[in-house]
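*Asks:* Supplied in structure tokens, the structure appears directly below.
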Amino acid sequence: MDLSCNKRRNRLKSGFIGIIGRPNVGKSTLMNAILGEKISIATDKPQTTRNSIRGIYTRMAETKGQDDVQMIFIDTPGIHKPKNKLGSYMTGMAVNTFREVEVIVLLVDDELSAGTGDKYILDLLREVDTPKILVINKIDKLEPEKYRRIYEEYQSLNMFQAIFGAAAIQGKNVDAILKEIEGSLEEGPMYFPADMVTDHPERFIVSEIIREKALLYLEQEVPHGIAVEIESYKEEKNLTSIGAVIYCERKSHKGIIIGKEGKKLKGIGKSARMEIEALLGSKVFLELWVKVKENWRDSDFALSNFGYDNRE
Ligand SMILES: Nc1nc2c(ncn2[C@@H]2O[C@H](COP(=O)(O)OP(=O)(O)OP(=O)(O)O)[C@@H](O)[C@H]2O)c(=O)[nH]1
């Protein structure tokens, strides 16, 4: 009898997966559905995600003979034709991601012929031979006929090893997507401990929550020229004190963010605080300031200052 097989550990399949797609298509929502935790912020305003955020999905096999799996997801910034330096930075980061990952998951929610910018992404994708999976997201609100058209249009490109319909917001078909990804992974190392869901420090997630709340509260006329910087972060027994600055590009925006009698800023602070308290599991004292930094999206200095510098 071969006793050695009793000691044999399950095989581990692991790898990096890039979730890509046009702004607002549901990438963050899909990643959150996979991870079951809120790692990446999701709003209905495009270009919400600026940094590549890693989410780590680990599944340890329940029975012998099954594989253990670790998938490290990279939630890339919305890709679009660059209009300024921040735009170039975001696109540059996304293209680098295509080359580094084991699998690319492209999310779409419309027909290519709708001219929504997916063509631009496809052109970039053609440059790499990484395996690609297509996810047609938001099927909960797509007419079946339209879904069929999107499906056929993408299928005719012969670029994808599999095409799925999904409703990330309901977690619909997420398991099937995971299974397909798993099929493309090879035996590899355990990159992160099994209980880790992100390699980003809590501070960063906190700043993203504040940015999300600010975007949700702001009027249409304030563009995406806001950034959040955590100035102080002090953890005490049952209280975390956080001081953060919301930077905007124009003086007139500052007034909008603060609102009449400071009401808007208070609202942003309150909803951010409640979510941060849930994240940290402690009481939070959150102080917010608003400062103007003109044209920060076109300034190399400000970009690297806010952590958006991709030059090694
Ligand atoms: N109806 C419907 N809405 C969805 C679905 N998935 C995402 N959304 C919504 O679409 C909006 C954008 O979702 P995000 O996950 O922030 O999109 P994103 O692609 O990460 O956006 P960027 O960060 O701008 O690149 C949010 O309002 C989501 O709630 C879905 O399956 N169905």
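Glycine is treated like the rest: Cβ placed from N, Cα and C.
On a predicted model such as this, the values are computed, not experimentally measured, just so you know.
Here TrEMBL flags 13-187 as domain 'Era-type G'. Residues or ranges marked as region 'G1' by TrEMBL: 21-28. If you look up TrEMBL, you'll see 21-28, 75-79, 137-140 marked as GTP binding site. Residues annotated as region 'G2' in TrEMBL: 47-51. According to TrEMBL, the feature region 'G3' maps to 75-78. The region 'G4' feature in TrEMBL is assigned to 137-140. The domain 'KH type-2' annotation in TrEMBL covers 218-294.
Situate these features within the shown structure.
*Replies:* Of all Cβ atoms in the protein chains displayed, 31 besides its own lie within 10 Å of the Cβ of Lys27 (GTP binding site).
Same-chain residues lying 6+ beyond the ends of the region 'G4' (137-140) with a Cβ under 8 Å from its Cβ atoms: 21, 25-26, 29-30, 107-109, 147, 165-170, 172.
Broken down by DSSP into helix, strand and coil, the domain 'KH type-2' (218-294) contains 29 helix, 29 strand, 19 coil.
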*Asks:* Per DSSP, what is the residue count of the region 'G1' (21-28) in each of helix, strand and coil?
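*Replies:* Going by DSSP assignments, the region 'G1' (21-28) contains 2 helix, 1 strand, 5 coil.
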*Asks:* Same-chain residues six or more away whose CB lies under 8 A from the CB of Ile139 (GTP binding site)?
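*Replies:* Long-range Cβ contacts: Tyr147, Gly165, Ala166, Ala167, Lys172.
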*Asks:* Among the binding-site residues Gly21, Asn24, which residue has the largest number of other Cβ atoms within 10 Å of its own Cβ?
*Replies:* Gly21
